[in-house]
Amino acid sequence: MTNIRKSHPLLKIVNNAFIDLPAPSNISSWWNFGSLLGICLIMQIMTGLFLAMHYTSDTTTAFSSVAHICRDVNYGWIIRYLHANGASMFFICLYIHVGRGLYYGSYAFLETWNIGIILLFTVMATAFMGYVLPWGQMSFWGATVITNLLSAIPYVGTTLVEWIWGGFSVDKATLNRFFAFHFILPFIIAALAGVHLLFLHETGSNNPTGISSDMDKIPFHPYYTIKDILGALLLILILLLLVLFSPDLLGDPDNYTPANPLNTPPHIKPEWYFLFAYAILRSIPNKLGGVLALILSILILAFIPLLHTSKQRSMMFRPISQCLFWTLVADLLTLTWIGGQPVEPPFIMIGQVASILYFSLILILMPVAGIIENHILKW
């Protein structure tokens, strides 16, 4: 008799994805972040659902409904802070996951990589709309500034912005539709993640060497299930330390002031995980140019498979490319820091240099390094 997990139509899918899946024997902890992203998504959907039960998406009551959740709802404060800081953990895992893909050449799986880019854009859109919902000062002005960027589109820009706003400024209609989108998008993300996994399992996982591991596979369970559980416990530990000891560490104090269209905060800035893109946007003096650079800062990931010049897939045995990769990481950290600083010297110049370096590294220096390494190895 065949085991039920191998014959049952539903259990068979779970079995082939998480139990009997043949996995490379040498994948490191950098491969843990896919499962951690799944855990983050489930946690965000669950906490978000409970928050939505008490939240009201009306400009007059949104701010006080969030205060009500924290003060009067049973364990509302922990649900709210798990959701807010869970988003930060989500992005930490996302950026590490993308970085892992860059370092080890996982972008060679084109379908998986491209759906990953779509997922990244969708998660960023969801997080942006979620930040608007508490209707604090930074929520309101962040929404105003970012949506206003669309007005840089020639001819249709202004009409497009007013269409998104549902009026002539960010108001009740905007908040209402942002809440609706913020509620539905995580389910779309879950569906896309399923497709992401589907395409990954067509090819099987990459591994640190970048060489085919077909001759040396081990079952996913128990080896990688136990490894993923350890990763999950560490993620939950860090999240709980953040939530229980300094829940507002990554937030903006301005968001504890109710939204006021008549009073602009001195420094409008998004959440920390968007600061690198915000710094790139601000470093270009032209509005349309800035918007294009902002979009390209993420969309550039789609061109990476085309820019791969090395005859080796992974960077594991490519020291020049490794140096450039870690320079890119340092550059992104610099951009993140600059994004949170006021627009004044020397920050303007640092931001411009870091932005140029970001695009130069990906478009020019890394492909050139691949060619040089091929010559060094006489390939």
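Numbering starts at 1 and runs along the chain as displayed.
Each residue, glycine too, has its Cβ placed from N, Cα and C.
Under the heading heme b b562 binding site, Swiss-Prot lists H83, H182, citing similarity to another entry as support. Here Swiss-Prot flags H97, H196 as heme b b566 binding site, drawing on similarity to another entry. Residues or ranges marked as ubiquinone binding site by Swiss-Prot on the basis of similarity to another entry: H201. According to Swiss-Prot, the transmembrane segment annotation covers 33-53, 77-98, 113-133, 178-198, 226-246, 288-308, 320-340, 347-367.
H196 (heme b b566 binding site) counts 21 other C-beta atoms within 10 Å of its own C-beta, drawing on all protein chains shown. The C-beta environment of H83 (heme b b562 binding site), restricted to residues of the same chain at least 6 apart in sequence and closer than 8 Å, consists of Q44, T47, G48, L51. When Cβ-Cβ distances under 8 Å to the transmembrane segment (113-133) are tallied for each of 33-53, 77-98, 178-198, 288-308, 347-367, the top count falls to 178-198. Within its own chain, H182 (heme b b562 binding site) has G48, T126, M129, G130, L133 as residues 6 or more apart in sequence whose C-beta sits under 8 angstroms from its own.
As a quick check, the transmembrane segment (288-308) and the transmembrane segment (33-53) miss the bar of 3 or more Cβ pairs under 8 A, pairs 6 or more apart, so the two do not touch. By a simple count of nearby Cβ atoms, those within 10 Å, the most crowded of the binding-site residues H97, H201 is H97. DSSP gives H182 (heme b b562 binding site) a helix state. Rounded to a whole value, the Cα-Cα separation of H97 (heme b b566 binding site) and the residue listed as 'ubiquinone binding site' is 17 Å. The transmembrane segment (347-367) shares more Cβ pairs under 8 Å with 320-340 than with any other stretch in the list 33-53, 178-198, 320-340. Ranked by Cβ pairs under 8 Å to the transmembrane segment (77-98), the stretches 33-53, 178-198, 320-340 are led by 33-53.
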